[in-house]
């Protein structure tokens, strides 16, 4: 059954590859390992690339020759130029369309693309390179990795040096001063939050605060009870404007009006698609968090 | 205990419920011992966060779990009697699938989750559940008479249609973020409990039980089959309409508040009949008490196994209920 499914896709991939792939010399390749430790064979000079995560599309636009970016996904919206690229659906993954685009390499993030889809693409000759991040430094390292893989290490380094300099230039928290505890909502009903093992923990640390969720749960975005939120008693809540959450989230969960965040009205919205994306705009996200903490 | 002592079984069920309530009051993020619980219940101080949690969050949650279990078990019992089919469960009338469809529409089409100041998910779930129920009843009735077989098949068909529509909308509209919300709604949860929402399920359950205790004899006659029931002078058509209305009211409220919690409405009526006989006089009350206790136990276990939010309660009801149900089936057959 599996073979019969792969065969038509494989043939399609081969047919799709034929018109433009007529190498005169054997293509040079390189052996690499992605962040999940998967061994991959990539062309030494990838000319056709795409990303299945919006943050990585942003990274490609910042590092790659934009002419080599061959497609976007339905969630990509930054930079605006990406909207002119052909569309390939990342969820559910439009395997056939992706194969027809015959990319040299596809970049994605752990948790975004199912491993079995990556394995199938690998069998069809399309390497899928996973990145994963726990800290902001990992994002900068990931940008440099992509630069190296695409033969543009200097551009990547310039970018990450600049980002690092901006991070270094952020105002440091006053030594000894308590860091405010910040709870970031991923969903208000049911209550899902940014857990300890998300990038948010490091972003908010760099911004001078701390993730209010101290326990580490198996899921990056754990579901919480109101009782747990009350016990945490966060000083800042991220997830929407005060007025909006007051008429929705706090109206449905009036007990949470006792939290310090509500009492002091430190309830804020963040720029859509900024905090969630481990992209070159990550310093912008940290800066926004810092500005919110200083309000 | 032989089936001739239904009163003892009922007493045992009530004691079990009280025990589970006591245990459930202790489980949560705040450490609370029994001395603290007793102190809180005697002199409630809402300025103490732990006391507030106990009275405003834990107690309503436990009561909602109990009411949901009791309502679903009673609904299952009534429907199995109504269609004289032991496979019937409270969601036979399409309430769960219709409610799920309503919730999916609310979550995916209204990201703000409010419309003119009204909080949509439970309202949409209630509306979806009632619409599906009306449709199933329309399919299952002819000239004012409810016919069990078309009702059963109509329930299956409308359930499948609502599930397919829900899947279609989810497929077209959901992204990875809100898909999680939709999926978790469908598992069922008591986390939305508050004193304000307990009134409806409590009133419907109390009203239904009071009415049904008067009708217990009629229900037992209905179990003999339509022809014999009619021959004995039972107004079968009217009774069936009444039972349908009760099931819709009992199930609709629970699904709107807790999401569709499965299996309790199938397992508990069987257990009731296994323990007290097919036509015992305390069957209805015992079924409700046992259903409430069953969901209390499932919720407690879910929160102990996977704190703080707990495993989805619908998973626990199935994991506990299925092996038990199968062993019961093997024994009785």
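Note: Cβ is positioned from N, Cα and C throughout, glycine not excepted.
Feature annotation from TrEMBL assigns transmembrane segment to B:62-79 (among others).
Residues or ranges marked as transmembrane segment by TrEMBL: B:91-113 (among others).
The annotation transmembrane segment is assigned in TrEMBL to B:119-139 (among others). If you look at the transmembrane segment (B:119-139), the same-chain residues 6 or more away from its ends with a CB under 8 A from one of its CBs are 92-103, 105-107, 110, 113, 146, 150-151, 153-155, 157-159, 162, 185, 192, 244, 248, 251-253, 255-257, 259.
Per TrEMBL, transmembrane segment is recorded for B:151-172 (among others). If you look at the transmembrane segment (B:151-172), the same-chain residues 6 or more away from its ends with a CB under 8 A from one of its CBs are 82-83, 85, 88, 91-94, 96-98, 100-101, 104-105, 108, 128, 132, 135-141, 179, 182.
Per TrEMBL, transmembrane segment is recorded for B:192-215 (among others).
Through the fold, the transmembrane segment (B:241-263) approaches residues 64, 67-69, 71-72, 74-75, 78-79, 81-82, 89-91, 93, 95-97, 99-100, 103, 122-123, 125-126, 129-130, 133, 137, 146, 185-190, 192-193, 197, 200-201, 204-205, 208, 211-212, 215, 295, 313-314, 317-318, 321-322, 325 of its own chain, all at least 6 residues removed from its boundaries and within a Cβ separation under 8 Å. Under the heading transmembrane segment, TrEMBL lists B:241-263 (among others).
The feature transmembrane segment is assigned by TrEMBL to B:283-302 (among others).
The transmembrane segment annotation in TrEMBL covers B:309-329 (among others).
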Seg_contact(the transmembrane segment (B:283-302), the transmembrane segment (B:91-113)) with at least 3 CB pairs under 8 angstroms, min sep 6: no
